[in-house]
Amino acid sequence: MKNLDLIKIRKKSYNWLIINWRTLIIGTIIPLLIFSILAWKVSEAKKGFSWDIFILLQIHTTAQPFLDQIAQILTQLGDFPKITGLLIPIIILLIYQKKWRQLAYFIITLLGKLVISVNTKIFFHRIRPHLWESMYSRPEDFSFPSGHAMGSMTLVMILLMITWGSRWSLLVGIFGSLFVLVIAWTRLYLGVHFPSDILGGWMLAIVWTIGMSLLFNIRQSNRTNLDA
């Protein structure tokens, strides 16, 4: 009996790998490798890479008073405590549709992002760039990885996973990509993050959200809902 159970478990694991191997490689292994390389380099050169400085200075050449105001307003959209009100309608919609698996995935993954972001910043304790004087109040926490970049990518990836296979996924992909890029631009324009902080935040968010989607089996759940 135990042998039969073991065979069933192995068969399920094999089938799971056959179905999800592409997602595992593209969605977790590759971004985790990129993040690991960045993290290793950051540990050695906390002040930033040469390309970090170059990109920041190039972006700063575009500085204008009206862009300063726009960047300070838009960057708040990447601060989760300030956009909680925007997340509530999504939670209500998932409850109304009785998509309990997606709801749990949404809440747990977002909360997990906060824990991961805070602790990785403390672990790497990379000081934020200070290449020019700014009217924007610089955050007092550490720089790597960017919490705003990780937060925006986490939210978009969660929504993409939840809507996967539906008519909404394309819209989420298009507007979500724009949202992620805008938040990244604001952090670089304001000079509060290195580009490698942004890239690190993106990679960590992709690993986390894709990994959790596999754990919750979100895409299979979406197919089941569409077939129902």
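Cβ coordinates come from backbone N, Cα and C, glycine included.
Automatic prediction, not curation, is the source of TrEMBL annotations.
Owing to the predicted nature of the structure, the values given are computational and were not obtained by experimental measurement.
The domain 'Phosphatidic acid phosphatase type 2/haloperoxidase' feature in TrEMBL is assigned to 103-213.
The transmembrane segment annotation in TrEMBL covers 21-40 (among others).
The transmembrane segment annotation in TrEMBL covers 80-96 (among others). Counting residues 6+ beyond its ends, the transmembrane segment (80-96) has Cβ neighbours under 8 Å at 102-103, 106-107, 110, 114, 151, 155, 159, 162 in the same chain.
TrEMBL lists 103-124 (among others) with the feature transmembrane segment. Residues 39, 42-43, 46, 80, 87, 90-91, 94-95, 141-145, 147, 150-151, 154-155, 158, 161-162, 201, 204-205, 208-209, 212-213, 216, 218 of the same chain lie 6+ residues outside the transmembrane segment (103-124) yet bring a C-beta within less than 8 angstroms of a C-beta in it.
Proximity of distant same-chain residues to the transmembrane segment (144-163), defined by a Cβ-Cβ separation under 8 Å and at least 6 residues beyond the stretch ends, is recorded for 35, 38-39, 42, 75, 77-80, 87, 90, 94, 99, 102, 105-106, 109-110, 113, 116-118, 120-121, 124, 126, 169, 172-173, 176-177, 179-180, 183-184, 186-187, 193-194, 196-206, 208-210, 213, 218-219, 222. The transmembrane segment feature in TrEMBL is assigned to 144-163 (among others).
Same-chain neighbours of the transmembrane segment (170-192): 55-56, 59-60, 62-63, 67, 71-72, 74-75, 77-78, 128-132, 134, 136, 138-139, 143, 146, 148-149, 151-153, 155-156, 159-160, 163, 198, 202, counting only residues six or more beyond its ends whose CB sits under 8 Å from a CB of the stretch. Marked as transmembrane segment by TrEMBL: 170-192 (among others).
The list of residues near the transmembrane segment (198-218) in space but at least 6 beyond its ends in sequence, with Cβ under 8 angstroms from a Cβ of it, reads 20, 23-24, 27-28, 31-32, 34-35, 38-39, 42, 101-102, 104-105, 108-109, 112-113, 116-117, 120, 144-151, 153-154, 157-158, 161-162, 164, 180, 184, 187-188. Annotation comment: TrEMBL describes 198-218 (among others) as transmembrane segment.
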